[in-house]
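Trainee: Pulled these from TrEMBL:
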DOMAIN    45-133  domain 'G-protein coupled receptors family 2 profile 1'
DOMAIN    138-390  domain 'G-protein coupled receptors family 2 profile 2'
TRANSMEM  139-163  transmembrane segment
TRANSMEM  183-204  transmembrane segment
TRANSMEM  224-245  transmembrane segment
TRANSMEM  257-276  transmembrane segment
TRANSMEM  296-323  transmembrane segment
TRANSMEM  344-363  transmembrane segment
Amino acid sequence: MGQGYHGSSTMVSRITPLNRLDLDPPLPFQFELIVKDCCSAARYCCRNTLVKYHHRHDDSPCPATWDGWNCFDSSDEGLVVKQCPNYIYGGTNVKTDYDRHSKKLCKGSGWDLPEKTGGMKEYTDYAGCMQNDDAEARLLAGMLTYSASVIFLVPAVFLLNWLRPIRYQPMFILHRHLLISCLLYGVFYLSTATLFVVSFAPLSSQVYQNHIFCRLLFSIQLRYLRLTNFSWMLAEAVYLFRLLHTAQHSEGETMRSYKIICWGLPGAITFVYFVVRGLNDDVGMCWIENSTVAWVEWMIFAPSLLAMGVNLLLLGLVVIILVKKLRCNPHLERIQYRKAVRGAFMLIPVFGVQQLLTIYRFSNTYYQVTDQSLNGLQGFFVSFIVCYTNRSVIECLQKWWNSHQEKSALGAECRQRMSIQESGKLILKSPPLTEHVQL
């Protein structure tokens with residue numbers, strides 16, 4: 001017989017924490033927190049539901065159970081409905097949606113064992129918890145509306161830059177830069193959605209890796225270009241108010257200060273945001289969602305809200321000034337007041353005031369689609385207001401077309417005269433007819 005070992009042995013558990021696992025692709029965003037929330041829910045279910053069930057006399061056909069995501073108490077025959085837990089959506093900052101529920105069927109013989117599980121496993125229907133429809137509807141609305149805006153913004157930017165009579169006018173310089181800002185945002189939205197978000201996106205793995213490349217792209221789109229939109233909308237409002245209030249402006253104004261502030265200041269704010277978030281909250285799926293550190297995200301929220309608030313105030317002042325100017329002229333009819341009010345309404349998309357309608361975020365699908373559609377179509381409406389329906393632009397196009405028609409007619413007339421002259425020269429140069437005399 002061999003001699004047994006009677007010493008004490010120590011079992012050392014070598015468990016690597018989830019946040020230290022080196023995986024490719026890495027674990028999803030906030031996976032460790034999600035697992036902790038799920039485990040806490042399972043522990044609570046065990047202590048407060050499962051243990052109590054085993055200590056009481058219960059004749060219910062379906063016993064208390066934990067299905068891996070949700071806790072179900074013992075139940076009589078029928079359909080049991082439970083609210084969907086937040087942690088199944090892959091984030092800790094997801095708002096609770098009380099309209100979403102999971103379902104579990106209790107039969108007289110126990111919990112339902114459907115054929116799809118081989119008749120051996122309990123089954124819970126989580127189809128009511130799916131968010132794919134909401135995400136797909138929002139994505140589809142964004143792709144359609146931003147595509148429409150980009151299609152109309154490109155010719156508008158070209159026209160305002162090509163038409164010489166209005167190219168250097170201060171108001172049209174502001175219009176052009178606002179259109180460029182909207183165009184860049186639309187192009188970035190379509191590009192990032194195609195590269196990272198849509199099904200079978202070629203760079204979707206970078207979203208889960210929280211790669212620096214996609215963080216940079218989404219920071220430019222969602223922070224920098226969004227701030228430039230608000231900056232140029234504010235510039236439009238400030239310039240129009242100055243124009244109406246002082247009734248003096250310089251046609252030779254270069255607008256350099258507007259360009260520096262509206263393109264440079266958002267860049268500085270975005271750079272600081274990028275550095276600060278990298279130091280305080282360097283997690284997330286490419287920073288598509290807001291930072292979990294609230295004050296970091298307010299670096300973007302505060303200037304945007306300030307710009308919208310000032311624009312709303314300036315819009316009201318513009319309307320007051322227009323009404324006062326119309327009252328000073330008794331010869332103007334009431335229809336002129338209607339035109340002034342209609343013009344003020346047309347300034348709403350240019351000033352971005354419509355975004356105040358969706359300033360509070362709801363989880364409702366209709367709200368999400370409406371919010372995305374309003375944002376996506378802003379470039380479409382702005383291009384129509386400042387370009388396609390603008391009287392100065394239309395007059396410049398008409399003059400260009402008339403000039404083009406005159407040049408074409410003059411060219412055709414010149415070509416016709418030259419062809420006649422060439423024909424005359426040929427006739428003059430033709431040899432004389434010779435008579436054949438018979439000798």
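For all residues, glycine too, the Cβ spot is worked out from N, Cα and C.
Could you tell me the structural context for the features on the list?
Mentor: A mean pLDDT of 80 is what the model gives for the domain 'G-protein coupled receptors family 2 profile 1' (45-133).
Same-chain residues lying 6 or more positions outside the transmembrane segment (139-163) and placing a CB less than 8 Å from one of its CB atoms are 172, 175-176, 179-180, 182-183, 186-187, 189-190, 193, 197-198, 369, 372-373, 375-380, 383-384, 386-388, 393, 396-397, 400.
Outside the transmembrane segment (183-204), and at least 6 residues removed from its termini, the chain residues within Cβ reach (under 8 Å) are 139, 142-143, 146-147, 149-150, 153-154, 157, 213-214, 217-218, 220-221, 225-226, 228-229, 286, 376, 379.
Long-range contacts of the transmembrane segment (224-245) within the same chain: residues 170-171, 174-175, 177-178, 181-182, 184-185, 188, 258, 261-263, 265-267, 269-270, 300, 303-304, 307-308, 310-311, 314-315, 317-318, 321-322, 325, 347, 350-352, 378, each at least 6 residues beyond the stretch ends and with a Cβ under 8 Å from a Cβ of the stretch.
Beyond the transmembrane segment (257-276), the same-chain residues lying 6 or more positions past its ends with a Cβ under 8 Å from any Cβ of the stretch are 173-174, 177, 181, 215-216, 219-220, 223-225, 227-228, 231-232, 234-235, 239, 296, 299-300, 303.
Within the chain, the transmembrane segment (296-323) has long-range Cβ neighbours (under 8 A, six or more residues past its boundaries) at 223, 226-227, 230-231, 233-234, 237-238, 240-241, 244-245, 266, 269-270, 272-273, 276-277, 280-281, 290, 337, 340-341, 343-344, 347-348, 351-353, 355-356, 359.
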